[in-house]
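As C-alpha coordinates, the structure follows; a few thoughts come after it.
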Amino acid sequence: LPLLLKATLLRLASGSYHPFYNGFYYNHIMNDNGDGQGKVDYFNGAKLVVETSRDPVYSYNGANVTLPCHYRYEPDLGPKRKIRIKWSKLRDDYTKEQDVMVAIGKTYMAFGDFKGRAHIRQASRHEASLVISDVRLKDDGKYRCEVIDGLEDESDVVDLRLQGIVFPYQPPRGQYRLNFHEAEQVCQDQGAILANFNQLFQAWSEGLDWCNAGWLADGTVQYPIRQPRKPCGGVHLAPGIRSYGPRHRHLHRFDAFCFSSALKGEVFYLDRLAGMTLEEAKQSCQDAGAEIARVGQLYSAWKFLGLDRCSAGWLADGSVRYPIVTPRANCGPAEPGVRSFGFPSKGRFGVFCYKER
(Lines of atoms letter the chains of each structure in order from A and count residues from 1; the text may use other names and numbers.)
(Lines give C-alpha, C1' and ligand atoms only; values in the text may rest on other atoms or scores of the structure.)
Protein backbone atom coordinates (compact mmCIF):
# COMPACT_ATOMS: atom_id res chain seq x y z
CA LEU A 1 0.00 0.00 0.00
CA PRO A 2 2.78 2.54 0.80
CA LEU A 3 4.44 1.72 -2.55
CA LEU A 4 1.12 2.15 -4.40
CA LEU A 5 0.51 5.51 -2.69
CA LYS A 6 4.04 6.64 -3.53
CA ALA A 7 3.61 5.66 -7.17
CA THR A 8 0.29 7.54 -7.40
CA LEU A 9 1.82 10.69 -5.97
CA LEU A 10 4.78 10.48 -8.34
CA ARG A 11 2.39 10.08 -11.28
CA LEU A 12 0.40 13.14 -10.23
CA ALA A 13 3.57 15.16 -9.80
CA SER A 14 4.88 14.11 -13.20
CA GLY A 15 2.17 16.11 -15.00
CA SER A 16 0.35 13.16 -16.56
CA TYR A 17 -2.70 14.39 -14.59
CA HIS A 18 -3.89 17.96 -14.63
CA PRO A 19 -3.36 19.47 -11.16
CA PHE A 20 -6.11 19.96 -8.61
CA TYR A 21 -7.32 23.56 -8.50
CA ASN A 22 -9.10 25.43 -5.72
CA GLY A 23 -11.83 27.02 -7.84
CA PHE A 24 -10.64 30.62 -7.90
CA TYR A 25 -9.85 30.52 -11.61
CA TYR A 26 -12.04 28.97 -14.26
CA ASN A 27 -12.18 28.42 -17.98
CA HIS A 28 -14.95 26.06 -19.13
CA ILE A 29 -16.23 22.64 -18.16
CA MET A 30 -18.38 20.12 -20.01
CA ASN A 31 -20.13 20.33 -23.35
CA ASP A 32 -23.88 20.80 -23.64
CA ASN A 33 -24.51 17.78 -25.88
CA GLY A 34 -25.98 15.69 -23.10
CA ASP A 35 -24.16 12.62 -24.44
CA GLY A 36 -22.28 11.84 -21.26
CA GLN A 37 -19.00 12.48 -23.07
CA GLY A 38 -18.45 15.92 -21.60
CA LYS A 39 -15.22 17.44 -22.76
CA VAL A 40 -13.31 19.33 -20.10
CA ASP A 41 -11.43 22.46 -21.09
CA TYR A 42 -9.00 23.18 -18.33
CA PHE A 43 -8.22 26.40 -16.50
CA ASN A 44 -6.75 29.24 -18.50
CA GLY A 45 -6.11 31.72 -15.70
CA ALA A 46 -9.24 33.88 -16.11
CA LYS A 47 -10.57 35.10 -12.78
CA LEU A 48 -14.28 35.67 -12.09
CA VAL A 49 -15.03 38.78 -10.01
CA VAL A 50 -18.46 39.60 -8.52
CA GLU A 51 -19.22 43.06 -7.14
CA THR A 52 -22.23 44.59 -5.40
CA SER A 53 -22.80 47.96 -3.74
CA ARG A 54 -20.37 48.81 -0.94
CA ASP A 55 -23.00 51.06 0.64
CA PRO A 56 -26.41 49.89 1.87
CA VAL A 57 -29.33 50.21 -0.54
CA TYR A 58 -32.23 52.07 1.07
CA SER A 59 -35.89 51.55 0.28
CA TYR A 60 -39.26 51.57 2.02
CA ASN A 61 -42.40 49.50 2.38
CA GLY A 62 -44.33 49.11 -0.89
CA ALA A 63 -41.57 50.48 -3.12
CA ASN A 64 -39.57 48.81 -5.89
CA VAL A 65 -35.84 48.41 -5.36
CA THR A 66 -32.85 47.17 -7.37
CA LEU A 67 -29.96 45.43 -5.62
CA PRO A 68 -26.98 45.97 -7.95
CA CYS A 69 -24.67 43.10 -8.89
CA HIS A 70 -22.13 42.91 -11.71
CA TYR A 71 -19.48 40.38 -12.63
CA ARG A 72 -16.46 40.35 -14.91
CA TYR A 73 -13.54 38.19 -15.94
CA GLU A 74 -9.89 39.14 -15.53
CA PRO A 75 -8.82 39.01 -18.30
CA ASP A 76 -12.07 39.40 -20.26
CA LEU A 77 -13.16 36.17 -21.96
CA GLY A 78 -15.02 37.86 -24.79
CA PRO A 79 -18.65 36.96 -25.67
CA LYS A 80 -21.20 36.50 -22.91
CA ARG A 81 -21.02 33.07 -21.33
CA LYS A 82 -23.79 30.80 -20.08
CA ILE A 83 -23.71 31.35 -16.34
CA ARG A 84 -26.05 30.72 -13.41
CA ILE A 85 -27.09 33.53 -11.07
CA LYS A 86 -28.32 32.80 -7.57
CA TRP A 87 -29.63 35.27 -5.00
CA SER A 88 -30.06 34.35 -1.33
CA LYS A 89 -31.20 36.26 1.74
CA LEU A 90 -28.82 35.97 4.70
CA ARG A 91 -29.03 36.13 8.45
CA ASP A 92 -26.93 38.69 10.31
CA ASP A 93 -24.19 36.06 10.76
CA TYR A 94 -24.10 35.60 6.94
CA THR A 95 -25.57 32.10 7.00
CA LYS A 96 -28.35 31.50 4.49
CA GLU A 97 -31.87 32.32 5.59
CA GLN A 98 -33.74 31.58 2.37
CA ASP A 99 -33.36 31.22 -1.39
CA VAL A 100 -34.64 34.21 -3.33
CA MET A 101 -34.05 33.45 -7.01
CA VAL A 102 -32.07 31.32 -9.46
CA ALA A 103 -31.61 32.30 -13.12
CA ILE A 104 -29.92 30.73 -16.14
CA GLY A 105 -30.09 32.96 -19.19
CA LYS A 106 -33.66 34.22 -19.53
CA THR A 107 -35.05 31.35 -17.45
CA TYR A 108 -35.50 32.08 -13.76
CA MET A 109 -37.36 30.88 -10.71
CA ALA A 110 -38.23 32.85 -7.57
CA PHE A 111 -38.92 31.17 -4.23
CA GLY A 112 -41.23 31.64 -1.26
CA ASP A 113 -42.86 35.04 -0.87
CA PHE A 114 -40.49 36.45 -3.52
CA LYS A 115 -42.55 34.68 -6.19
CA GLY A 116 -44.09 37.28 -8.47
CA ARG A 117 -42.03 40.06 -6.83
CA ALA A 118 -38.46 39.36 -7.92
CA HIS A 119 -36.61 39.13 -11.21
CA ILE A 120 -33.08 39.52 -12.55
CA ARG A 121 -32.12 42.67 -14.43
CA GLN A 122 -29.52 42.03 -17.10
CA ALA A 123 -29.46 45.37 -18.90
CA SER A 124 -25.76 45.09 -19.62
CA ARG A 125 -23.52 42.21 -20.63
CA HIS A 126 -22.28 41.30 -17.14
CA GLU A 127 -25.19 42.45 -14.97
CA ALA A 128 -26.94 40.19 -12.45
CA SER A 129 -28.93 42.75 -10.41
CA LEU A 130 -31.98 41.69 -8.39
CA VAL A 131 -35.20 43.72 -8.71
CA ILE A 132 -37.73 43.37 -5.87
CA SER A 133 -41.15 44.95 -6.32
CA ASP A 134 -43.66 45.79 -3.58
CA VAL A 135 -40.96 45.71 -0.89
CA ARG A 136 -42.13 44.25 2.43
CA LEU A 137 -40.93 44.91 5.96
CA LYS A 138 -39.26 41.52 6.30
CA ASP A 139 -37.28 42.07 3.07
CA ASP A 140 -34.86 44.20 5.11
CA GLY A 141 -31.48 42.47 5.43
CA LYS A 142 -28.42 41.12 3.66
CA TYR A 143 -28.51 39.49 0.20
CA ARG A 144 -25.86 37.40 -1.51
CA CYS A 145 -25.37 37.64 -5.28
CA GLU A 146 -23.70 34.43 -6.46
CA VAL A 147 -22.43 33.90 -10.00
CA ILE A 148 -21.65 30.32 -11.04
CA ASP A 149 -19.71 29.55 -14.22
CA GLY A 150 -18.93 25.85 -14.27
CA LEU A 151 -16.49 25.20 -11.45
CA GLU A 152 -16.09 28.88 -10.71
CA ASP A 153 -18.36 30.23 -7.99
CA GLU A 154 -17.94 33.77 -6.70
CA SER A 155 -20.28 36.00 -4.69
CA ASP A 156 -20.67 39.31 -2.90
CA VAL A 157 -23.17 40.68 -0.38
CA VAL A 158 -25.36 43.79 -0.50
CA ASP A 159 -27.36 45.23 2.39
CA LEU A 160 -30.99 46.28 1.86
CA ARG A 161 -32.25 48.61 4.57
CA LEU A 162 -35.77 49.87 4.88
CA GLN A 163 -36.35 53.43 5.98
CA GLY A 164 -38.51 53.02 9.03
CA ILE A 165 -39.15 53.64 12.68
CA VAL A 166 -38.75 51.48 15.78
CA PHE A 167 -41.30 51.83 18.54
CA PRO A 168 -41.65 49.99 21.88
CA TYR A 169 -44.91 48.16 22.43
CA GLN A 170 -46.72 46.91 25.52
CA PRO A 171 -50.07 45.11 25.26
CA PRO A 172 -53.14 46.17 27.24
CA ARG A 173 -52.23 43.64 29.95
CA GLY A 174 -49.20 45.70 30.93
CA GLN A 175 -45.43 45.48 31.10
CA TYR A 176 -43.45 42.28 30.41
CA ARG A 177 -46.36 40.07 29.33
CA LEU A 178 -45.12 38.80 25.96
CA ASN A 179 -43.09 35.74 25.09
CA PHE A 180 -41.19 35.86 21.80
CA HIS A 181 -43.99 34.45 19.65
CA GLU A 182 -46.59 36.75 21.19
CA ALA A 183 -44.24 39.69 20.58
CA GLU A 184 -44.00 38.71 16.90
CA GLN A 185 -47.79 38.64 16.70
CA VAL A 186 -48.47 41.97 18.44
CA CYS A 187 -46.03 43.74 16.12
CA GLN A 188 -47.74 42.15 13.12
CA ASP A 189 -51.13 43.22 14.50
CA GLN A 190 -49.86 46.81 14.60
CA GLY A 191 -48.73 46.86 10.96
CA ALA A 192 -45.10 46.16 11.87
CA ILE A 193 -42.57 43.38 12.51
CA LEU A 194 -40.15 42.71 15.34
CA ALA A 195 -37.16 45.02 14.90
CA ASN A 196 -33.68 43.64 14.34
CA PHE A 197 -30.57 44.88 16.13
CA ASN A 198 -29.46 47.18 13.32
CA GLN A 199 -32.85 48.87 13.30
CA LEU A 200 -32.81 49.31 17.08
CA PHE A 201 -29.27 50.68 16.93
CA GLN A 202 -30.29 53.16 14.25
CA ALA A 203 -33.26 54.26 16.37
CA TRP A 204 -30.97 54.68 19.39
CA SER A 205 -28.55 56.79 17.33
CA GLU A 206 -31.52 58.99 16.38
CA GLY A 207 -32.52 59.49 20.01
CA LEU A 208 -34.62 56.52 21.16
CA ASP A 209 -34.27 56.12 24.95
CA TRP A 210 -36.39 53.40 26.53
CA CYS A 211 -35.80 51.69 29.86
CA ASN A 212 -38.04 48.65 29.34
CA ALA A 213 -36.47 45.53 27.78
CA GLY A 214 -38.06 44.16 24.62
CA TRP A 215 -37.75 41.27 22.19
CA LEU A 216 -35.87 41.62 18.90
CA ALA A 217 -36.25 39.48 15.78
CA ASP A 218 -33.25 37.26 16.63
CA GLY A 219 -34.72 36.19 19.98
CA THR A 220 -32.52 38.47 22.07
CA VAL A 221 -33.88 40.96 24.60
CA GLN A 222 -32.39 44.47 24.60
CA TYR A 223 -33.19 48.12 25.26
CA PRO A 224 -31.70 51.49 24.17
CA ILE A 225 -30.40 54.03 26.68
CA ARG A 226 -29.31 57.56 25.79
CA GLN A 227 -29.30 58.96 29.34
CA PRO A 228 -27.79 56.49 31.87
CA ARG A 229 -29.76 56.31 35.10
CA LYS A 230 -30.05 54.02 38.10
CA PRO A 231 -33.09 51.94 37.08
CA CYS A 232 -31.68 51.39 33.58
CA GLY A 233 -28.41 49.58 34.17
CA GLY A 234 -26.85 52.18 36.46
CA VAL A 235 -25.44 55.67 36.11
CA HIS A 236 -21.89 54.43 35.55
CA LEU A 237 -22.61 52.56 32.33
CA ALA A 238 -22.09 54.44 29.09
CA PRO A 239 -25.06 55.14 26.80
CA GLY A 240 -25.81 52.31 24.41
CA ILE A 241 -27.88 49.21 23.78
CA ARG A 242 -28.28 47.14 26.95
CA SER A 243 -28.62 43.42 26.24
CA TYR A 244 -30.02 40.47 28.17
CA GLY A 245 -28.82 38.22 25.36
CA PRO A 246 -30.93 35.34 23.98
CA ARG A 247 -33.92 34.43 26.13
CA HIS A 248 -36.21 31.40 26.19
CA ARG A 249 -38.76 32.09 23.47
CA HIS A 250 -41.65 30.41 25.27
CA LEU A 251 -40.97 30.96 28.97
CA HIS A 252 -39.48 34.44 29.29
CA ARG A 253 -41.67 37.50 28.97
CA PHE A 254 -40.81 41.07 28.01
CA ASP A 255 -42.14 43.92 25.87
CA ALA A 256 -41.49 44.19 22.12
CA PHE A 257 -39.59 46.54 19.84
CA CYS A 258 -41.53 46.80 16.59
CA PHE A 259 -40.39 48.18 13.23
CA SER A 260 -42.63 49.94 10.73
CA SER A 261 -41.79 51.63 7.43
CA ALA A 262 -43.31 54.30 5.21
CA LEU A 263 -46.99 54.00 4.36
CA LYS A 264 -48.78 53.27 1.10
CA GLY A 265 -51.68 55.44 2.27
CA GLU A 266 -52.53 58.22 4.70
CA VAL A 267 -53.56 58.57 8.33
CA PHE A 268 -56.19 61.19 9.16
CA TYR A 269 -58.12 62.28 12.24
CA LEU A 270 -61.88 62.27 12.81
CA ASP A 271 -63.77 63.64 15.78
CA ARG A 272 -67.22 64.43 17.07
CA LEU A 273 -68.19 67.17 19.47
CA ALA A 274 -68.91 64.62 22.22
CA GLY A 275 -66.13 62.25 21.24
CA MET A 276 -66.58 58.54 20.44
CA THR A 277 -66.31 55.17 22.09
CA LEU A 278 -63.92 52.67 20.51
CA GLU A 279 -66.73 50.93 18.62
CA GLU A 280 -68.13 54.23 17.39
CA ALA A 281 -64.62 55.22 16.30
CA LYS A 282 -64.20 52.05 14.22
CA GLN A 283 -67.54 52.68 12.54
CA SER A 284 -66.66 56.30 11.77
CA CYS A 285 -63.51 55.18 9.94
CA GLN A 286 -65.51 52.62 7.95
CA ASP A 287 -68.08 55.29 7.05
CA ALA A 288 -65.18 57.38 5.68
CA GLY A 289 -64.03 54.48 3.46
CA ALA A 290 -61.08 53.70 5.73
CA GLU A 291 -60.17 51.56 8.73
CA ILE A 292 -59.08 52.48 12.21
CA ALA A 293 -55.32 53.02 12.19
CA ARG A 294 -52.87 50.69 13.85
CA VAL A 295 -50.05 51.83 16.11
CA GLY A 296 -47.35 51.24 13.49
CA GLN A 297 -49.28 53.30 10.97
CA LEU A 298 -49.57 56.23 13.38
CA TYR A 299 -45.82 56.13 14.11
CA SER A 300 -45.04 55.97 10.39
CA ALA A 301 -47.36 58.90 9.62
CA TRP A 302 -45.68 60.91 12.38
CA LYS A 303 -42.17 60.02 11.19
CA PHE A 304 -42.53 60.18 7.40
CA LEU A 305 -45.60 62.34 6.73
CA GLY A 306 -45.18 64.86 9.53
CA LEU A 307 -48.54 64.09 11.14
CA ASP A 308 -48.95 66.52 14.05
CA ARG A 309 -52.15 66.46 16.06
CA CYS A 310 -52.61 67.62 19.63
CA SER A 311 -55.87 65.69 19.95
CA ALA A 312 -56.02 62.16 21.34
CA GLY A 313 -57.54 59.45 19.19
CA TRP A 314 -58.40 55.76 19.31
CA LEU A 315 -56.26 53.17 17.54
CA ALA A 316 -57.09 49.60 16.53
CA ASP A 317 -55.53 47.98 19.63
CA GLY A 318 -57.76 50.02 21.96
CA SER A 319 -55.03 52.47 22.90
CA VAL A 320 -55.40 56.25 22.74
CA ARG A 321 -52.47 58.24 21.35
CA TYR A 322 -51.56 61.41 19.48
CA PRO A 323 -48.51 62.45 17.38
CA ILE A 324 -46.53 65.63 18.01
CA VAL A 325 -43.93 66.91 15.55
CA THR A 326 -43.71 70.44 16.97
CA PRO A 327 -43.85 70.40 20.80
CA ARG A 328 -45.98 73.13 22.33
CA ALA A 329 -47.88 73.99 25.48
CA ASN A 330 -50.56 71.52 26.59
CA CYS A 331 -49.32 68.87 24.15
CA GLY A 332 -47.06 66.82 26.42
CA PRO A 333 -43.27 66.79 26.87
CA ALA A 334 -40.82 69.14 25.19
CA GLU A 335 -39.63 66.51 22.69
CA PRO A 336 -41.39 65.35 19.52
CA GLY A 337 -43.02 61.93 19.75
CA VAL A 338 -46.16 59.85 19.84
CA ARG A 339 -47.89 60.42 23.20
CA SER A 340 -49.93 57.66 24.81
CA PHE A 341 -52.91 57.67 27.15
CA GLY A 342 -52.66 53.90 27.54
CA PHE A 343 -55.71 51.66 27.09
CA PRO A 344 -58.65 53.47 28.71
CA SER A 345 -61.66 51.26 29.48
CA LYS A 346 -63.91 54.31 29.43
CA GLY A 347 -63.85 57.69 27.78
CA ARG A 348 -64.72 59.32 24.49
CA PHE A 349 -62.07 60.47 22.04
CA GLY A 350 -61.49 61.14 18.38
CA VAL A 351 -60.03 58.47 16.10
CA PHE A 352 -57.10 58.07 13.72
CA CYS A 353 -58.09 56.35 10.48
CA TYR A 354 -55.95 54.82 7.75
CA LYS A 355 -56.81 54.75 4.06
CA GLU A 356 -54.73 53.19 1.26
CA ARG A 357 -54.00 55.39 -1.73
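From the backbone N, Cα and C atoms, a Cβ is placed for every residue, glycine too.
Automatic, uncurated: that is what TrEMBL annotation is.
As given in TrEMBL:
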type     : residues      : note
DISULFID : Cys211-Cys232 : disulfide bond
DISULFID : Cys310-Cys331 : disulfide bond
DOMAIN   : 46-158        : domain 'Ig-like'
DOMAIN   : 165-260       : domain 'Link'
DOMAIN   : 266-355       : domain 'Link'
SIGNAL   : 1-15          : signal peptide
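Rounded to a whole value, the Cα-Cα separation of Cys310 (disulfide bond) and Cys232 (disulfide bond) is 30 Å. Within the same chain, residues at least 6 positions away in sequence whose Cβ sits under 8 Å from that of Cys232 (disulfide bond) are Cys211, Tyr223, Ile225, Arg242. Taken together, the residues of the domain 'Link' (165-260) have an average pLDDT of 96.
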